[in-house]
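Features reported for this protein in Swiss-Prot:
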- 94, 107, 110, 111: heme 1 binding site (BINDING)
- 130, 152, 155, 156: heme 2 binding site (BINDING)
- 144, 325, 328, 329: heme 4 binding site (BINDING)
- 253, 264, 267, 268: heme 3 binding site (BINDING)
- 21: S-diacylglycerol cysteine (LIPID)
- 1-20: signal peptide (SIGNAL)
- 21: site 'Not N-palmitoylated' (SITE)
């Protein structure tokens, strides 16, 4: 009887585990390549519906204003990023940013109500850099964001800290049961520890490929060899790349797939994953640019913020929050299902000539 109870508990636990890792049927498949080659995008209608309802909560665009009057930098003090706008454009943009980032906290989340030009609050300094980053994305990374662009809401979704940011994780020994920040579950298998993280789709792979590939631009993601033996095309200098590099690459791929809410063949050819050109889908080239965009954001905009952020906003190694694909995409192939919010706020796009 005791053994029966133990077996029943184990069965229920296993069922709960499996149910938590997979989406329930039905699933739909849209053919994306030649028939019979397993080229298709797999989606779950219930999940897609829930995400569409979530993304439909975007605050409506504020009424447009006339671009008349002197530059706002001549009206207010310490306006260093949006100083080329008119006062009306500036106030409209500031109001929108408040709705996107701190709707509960209001303007005083960033500003001192007695001195709006004061930099005493750290969000003021951070917000300035994030505005520069947003403009840089919309100006320099159109290979990835096209003309759709991004706004503060793309990542923040109504919260001061975007819901999907991550922190760098220390490399832990295989027998160390410490749980890193974004690891949801730790299990012991055959004498070593398996860390299962939502960010890598609960795969038993490298739980932090982001530090290796997205926090710097020194590491090559490509790991599949061009020949069987000897391994050609994936060497690191004169050394062959270790198996751990393959684990990290596939963990990153699992993360990208999960972040976009799609499967591998959205970008890759089912027959030959490593091939480019006509054998890959157009989305793969867009993803290639996206990886390099995220590296730029992490290295040049986010990582340097560690000097401006309080300890409560820093990771265990004293680092600022980092971005990955999920930060913007949040489970869909195009953030906000491709709806362009930049068209309503062109002030966040490429810098235009100052008002006269």
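Heads up, the Cβ atoms here are built off N, Cα and C, so glycines get one too.
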Between residue 268 (heme 3 binding site) and residue 325 (heme 4 binding site), the C-alpha gap once rounded to whole angstrom: 17
Cβ-Cβ neighbours of residue 107 (heme 1 binding site) (radius 10 Å): 14
Sequence-distant neighbours of residue 130 (heme 2 binding site) in its chain (C-beta under 8 A, six or more apart): 152, 301
Collapsed DSSP category at residue 268 (heme 3 binding site): coil
Nearest-integer angstrom distance between the alpha carbons (Cα) of residue 155 (heme 2 binding site) and residue 94 (heme 1 binding site): 17
Cβ-centroid neighbours of heme 4 site 144, 325, 328, 329, 8 Å, sequence order: 259, 260, 290, 293, 294, 326, 327, 335
Output field, heme 1 shell: CB within 8 Å of site CB centroid, site 94, 107, 110, 111 dropped: 97, 98, 106, 108, 109, 116, 124
